[in-house]
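To start, the structure itself, in structure tokens.
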């Protein structure tokens, strides 16, 4: 219900005072000639055009925004930043590679940008401050199921006036993901290994944001996909990959039959696609690909948004081959729910939509379940489709693509969830006689980050070598570095807050 906040306030605050998430007051529409004007732009210029629609020039002048974008994406190993490849030409399946950033995961696209935004706004705020104790600082607190943590750390390491604390569930992320976080030596970086699940870690973070006194004293900021700037940065690659595919297909392209398939956990990545579509990107469908933690798939198929499919059993996260998607509740989904409620239940009344959403979120918290009216589910299904994918299907897909692709392409398990889903929808299209559909499946991480699953899928395959075919030298070197992490054996909110306070005091010395 907070009105008229600036982009700076939204970025620096992360979460609203009542625990709600920020959304733009209006979704801007694309210029009429956007396809002809934008389709051949390099990634950074395209990113500028999209971000400029959401960020006022008074807040970030053109030259500054261009510099922020350049410094964010010059760290990527590919000149295209997010290149696409064709995985299966005959079937119209393309892969959007989002793992060319510093930590080999899609979250770099957003978090390199967010880290630079934090530093930019703090530099402005501290421009005329001479005493160190009077400087404005930010304490970034985040939870990770794998890739957010390392991407946040690499986006924020060494940034002036920024401290970063990342919580992750002990034993529930891959060794390389842990090494990426725990081997960073910058004194402003703190990695907390917390006994429990990702949802436990996320709950601690939300409670810290809800603690007004703690917040006011330590200026807590967010890097999880609850931070609106992350969603904004992720919109860019939907446009970029769409134009790449149009240019590749040329006259054969049916611009209205391009679908995006997105491996989904917290719903932030695919939400960026929703905003792109609402702005006017003529994508046909957004397809949610989930693992066996399938709350999103169940919602679209039943209208029930609930922690568990079986109320007689306790709600538990299932550990799967795609751990970054192992969650009970998709925190960004409430942003979509607000739009669905406003458009279908309140005759476009913003405040009434907020009130209903608040009731639903409280009910979800207390009862573990919300049943959406049919009109809401029908509206969601007009934009989204979904598919649940098992570990066996994930593993089989990694093996299938390795064998069928001429370059023996290796998928990471999250990407495999998306590719399996793509083939399922391609088969449905063929059965229905629906022709000329192209699928862009998002590749969210480099396979080297998930060696155990990849090696299990390709065990015994002639000629396959993880070290030779998959592992980059940069990631190989991590295992030789010393780890710095704080182990939280019996976690509580108070214990985690006290660790943050102690570590900040050490930094200040």
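Here the Cβ of each residue, glycine as well, is placed from N, Cα and C on the backbone.
Predicted automatically and left uncurated, TrEMBL annotations should be read as such.
According to TrEMBL, the domain 'Threonine synthase N-terminal' annotation covers 2-73.
The annotation domain 'Tryptophan synthase beta chain-like PALP' is assigned in TrEMBL to 95-392.
Residues or ranges marked as N6-(pyridoxal phosphate)lysine by TrEMBL: 107. For residue 107 (N6-(pyridoxal phosphate)lysine), the number of other Cβ atoms no farther than 10 Å from its own Cβ, over all displayed protein chains, is 33. In three-state terms derived from DSSP, residue 107 (N6-(pyridoxal phosphate)lysine) belongs to a helical segment.
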Counts of helix, strand and coil residues, the domain 'Threonine synthase N-terminal' (2-73), according to DSSP: 34 helix, 0 strand, 38 coil
